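Have a look at the structure below, then the notes.
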Amino acid sequence: MSMLQTLWRSDPAVARIIDGEMRRQRDGLELIASENYASRAVMEAQGSALTNKYAEGYPGARYYGGCEWVDQVEDLARARVKELFGAEYANVQPHSGSQANMAVYFTFLRPGDKVLGMNLAHGGHLTHGSPVNFSGQLYTFVAYGIDPKTERIDYDQVAEIARRERPKMITVGASAYSRAIDFAIFRQIADEVGAFLFADIAHPAGLIAKGLLPSPIPYAHVVTSTTHKTLRGPRGGIIMMGKDFENPFGLKAAKSGRTLMMSELLDKMVIPGVQGGPLMHVIAAKAVGFGENLQPEFETYARQIIRNAQTLAGALMARGYHILSGGTDNHLMLIDLRNKGVSGKAAQEALDRAAITTNKNAVPNDDKSPLITSGIRLGTPALTTRGMKEPEMEQIAALIDDVITHINDDHTINRVREEVFALCARFPVPGLEPSA
């Protein structure tokens with residue numbers, strides 16, 4: 001109760017809901033690849049008095065007075081994230097990864113422009129051209145995918161499509177692709193067809209920041225990410241640039257004719273283009289998270305994420321599960337359950353009953369609807385934050401298999417649930433105090 005003392009007194013209905021969610025996080029295994037546990041320090045910054053402050057604009061150029069302290073925290077967040085990724089430019093104001101992506105699209109594209117992005121069913125993301133998303137509704141997307149045999153990105157296919165379609169932008173990144181991405185090849189393809197290269201690294205950002213996966217910063221014209229997932233910070237977005245800080249397309253100001261910097265274009269699109277006031281309490285939490293990411297122990301953590309994912313994938317494959325591409329280089333894996341005769345929805349719901357949280361996910365050539373799917377996606381960032389290592393991944397693989405193999409057996413699911421509770425008790429969530 002100590003984390004919610006005031007709230008219990010003022011609004012017990014909301015306190016009870018939050019307490020229930022805290023119990024769920026503490027007592028269950030979190031395998032959703034996009035989720036993690038923010039530190040107590042991150043949560044304290046996000047719950048601070050900075051939530052009261054409006055600060056439209058940027059440090060030194062605000063539309064409101066009284067911004068001397070929030071200017072400092074935004075400058076600190078920008079400096080830290082630039083150091084973390086080796087970037088020359090950073091904007092830490094986007095409220096989410098999707099809004100960061102929106103700012104990029106709105107800056108460099110016009111409605112109807114052609115964009116090449118990864119097929120959602122092959123591991124892409126909603127904002128990479130899904131017809132139900134603004135990206136697919138405003139722009140003309142063509143898709144690249146994975147090779148049906150290797151289940152990895154087919155770079156020759158990407159180049160072939162790019163030459164044929166001549167997109168204005170190539171979007172690279174994924175939400176359910178388990179292999180390292182060769183950004184250098186994507187840049188070569190983009191340069192060949194005169195396209196703008198945009199990299200969305202929301203999922204593997206923490207692993208990229210510590211040099212464990214290739215970085216797009218030297219290759220992409222612009223890079224976006226979220227700040228949670230493998231970065232383990234607050235929910236939010238960022239935009240970064242490396243060597244292409246100067247405008248490579250020669251865009252000029254209408255009145256003065258001055259060549260515009262890409263940083264100017266992006267900053268103006270974030271505000272006033274797609275947002276108003278920044279969330280200064282979240283920016284403070286981002287600064288705290290970036291500070292944690294810069295510590296040596298974060299590299300140890302990031303390495304363990306990958307080892308855990310590879311161990312979990314190997315243990316599941318040994319039990320007959322089809323993991324796309326035959327393994328993982330990062331923090332996640334996509335499991336095609338069709339050889340098990342189980343839908344993604346059924347697996348997710350059964351695992352939920354066993355206190356193992358996953359998400360159903362479409363797989364290539366899926367014949368089921370997005371609300372059912374033929375696969376599930378698993379990730380190890382949250383498990384690794386709890387301190388779990390390879391032996392626990394072997395145990396968790398066995399528990400997952402027990403549930404899916406006996407998906408309609410309540411006795412088995414209840415037994416697994418008790419084992420999950422015992423395992424979680426051995427590895428408490430850092431900073432998440434037990435309820436009274």
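The backbone N, Cα and C atoms fix where each Cβ goes, glycine too.
Residue environment of Gly124 ((6S)-5,6,7,8-tetrahydrofolate binding site) contains 25 other Cβ atoms, counted within 10 Å of its Cβ in all protein chains. For the recorded site, Gly124 ((6S)-5,6,7,8-tetrahydrofolate binding site), the DSSP three-state label reads coil. Marked as (6S)-5,6,7,8-tetrahydrofolate binding site by Swiss-Prot: Leu120, Gly124, His125, Leu126.
In the three-state DSSP scheme, His228 (site 'Plays an important role in substrate specificity') falls into the coil class. The annotation site 'Plays an important role in substrate specificity' is assigned in Swiss-Prot to His228.
For Lys229 (N6-(pyridoxal phosphate)lysine), the same-chain residues lying six or more positions away in sequence with a CB closer than 8 A to its CB are Ala33, Ser34, Glu35, Asn36, Ala202, His203, Ala205, Gly206, Pro381. For Lys229, the entry in Swiss-Prot reads N6-(pyridoxal phosphate)lysine, with the evidence type sequence analysis.
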Open item on the list: Using a 10 Å radius around its CB, how many other CB atoms surround His125 ((6S)-5,6,7,8-tetrahydrofolate binding site)?
Closed with: 24
Open item on the list: Just to be sure I understand the packing, how many Cβ atoms besides its own are within 10 Å of the Cβ of His228 (site 'Plays an important role in substrate specificity')?
Closed with: 26
- [ ] Tell me the Cβ neighbour count for Leu126 ((6S)-5,6,7,8-tetrahydrofolate binding site), meaning other Cβ atoms within 10 Å of its Cβ, over all protein chains shown.
- [x] 16
